[in-house]
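S.K.: So Swiss-Prot lists the following for this protein:
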DISULFID  CYS225-CYS227  disulfide bond
DISULFID  CYS258-CYS261  disulfide bond
Amino acid sequence: MSKDNLHRYLFENADVRGELVQLEQSYQEVLSAHNYPAPIQNLLGQLLAATSLLTATLKFNGDISVQLQGDGPVSLAVINGNNLQQLRGVARFKGELSSDGDLQQLFGKGHMVITLTPTEGERYQGVVALDKPTLAGCLEEYFAQSEQLPTSITLFANGKQAAGMLLQVLPTEGDHNAEFEHLEQLTATVKAEELFELEAEEVLHRLYHQEEVRLFEPVAVTFSCTCSRERSASAIRTVSREEIESILAEQGKIEMGCEYCNTNYSFDSIDVAAIFSNTQAPETKQ
């Protein structure tokens, strides 16, 4: 079965739309950079699926960041991406994590920040407290505050696969609560195994076989890291030459690693001289 796709669909006889995302390869690439424990693997999987759903829902051209921060064992979990469904993510934690801990146990007192940076127009940022036991619940609260449209979100992850569904009332006139609640009840019956193992068409048929559903062409979701040797060189340029020379004297080279993909960039004294003379550092060392 083809994985790593986002599927959009509409109900022909109700002013409600939906999305379904199934992830495997992109999820594994996010996890491969670090030896995450199971609770973090599941958290990042759900967050990856959620960011894909949000990217399609919020309809923008540019970059998106969904970041969870807290004072608990997990201090940070973030997925960054763009409207092309190119995503990357990382988490930071300390100590032992409870295998059955909910979102509040993982993050303690925390919040979620959703940032949209369009290629044109103003940057938008929304913040919601992590005061629900699940990520899906916090995202539903975000939509209640920002979009003010009834929205239902379902998220699953197991360390190998991640998946999610989003249901939302279309912004049209009239009261659509009854039809939304009916479809929400049907959607709530979906099982993780169905989303992990079945094609999207089969999942939708099982859930909504008495409804008329229009399914659009899938959009591929990929892992894509934006790190590069040039970006690392630019970061070095922001540090004082004196400090950089001090590190070189002590360590012989400057090592810079990407948290997202674990790629390491190495710069020696010749590279550093080129950086500070505003010429491109040689491409031979990485």
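The chain as shown is numbered from 1 upward.
Each Cβ is built from the backbone N, Cα and C atoms, and glycine gets one as well.
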S.K.: Please work out the number of neighbouring Cβ atoms within 10 Å of the Cβ of CYS261 (disulfide bond), leaving out its own Cβ.
M.R.: 18
S.K.: If you draw a 10 Å sphere around the Cβ of CYS227 (disulfide bond), how many other Cβ atoms fall inside it, taking every protein chain shown into account?
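M.R.: The Cβ of CYS227 (disulfide bond) has 17 Cβ neighbours within 10 Å.
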S.K.: Quick one: pull the CA-CA distance for CYS258 (disulfide bond) versus CYS227 (disulfide bond), whole Å only.
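M.R.: A Cα-Cα distance of 7 Å.
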S.K.: When a 10 Å sphere is centred on the Cβ of CYS258 (disulfide bond), how many other Cβ atoms does it contain?
M.R.: 18
S.K.: Looking at Cβ-Cβ distances, which residues of the chain lie under 8 angstroms from CYS225 (disulfide bond) while being 6 or more apart from it?
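M.R.: The list for CYS225 (disulfide bond) reads ARG88, CYS258, TYR260, CYS261, THR263, given in order along the sequence.
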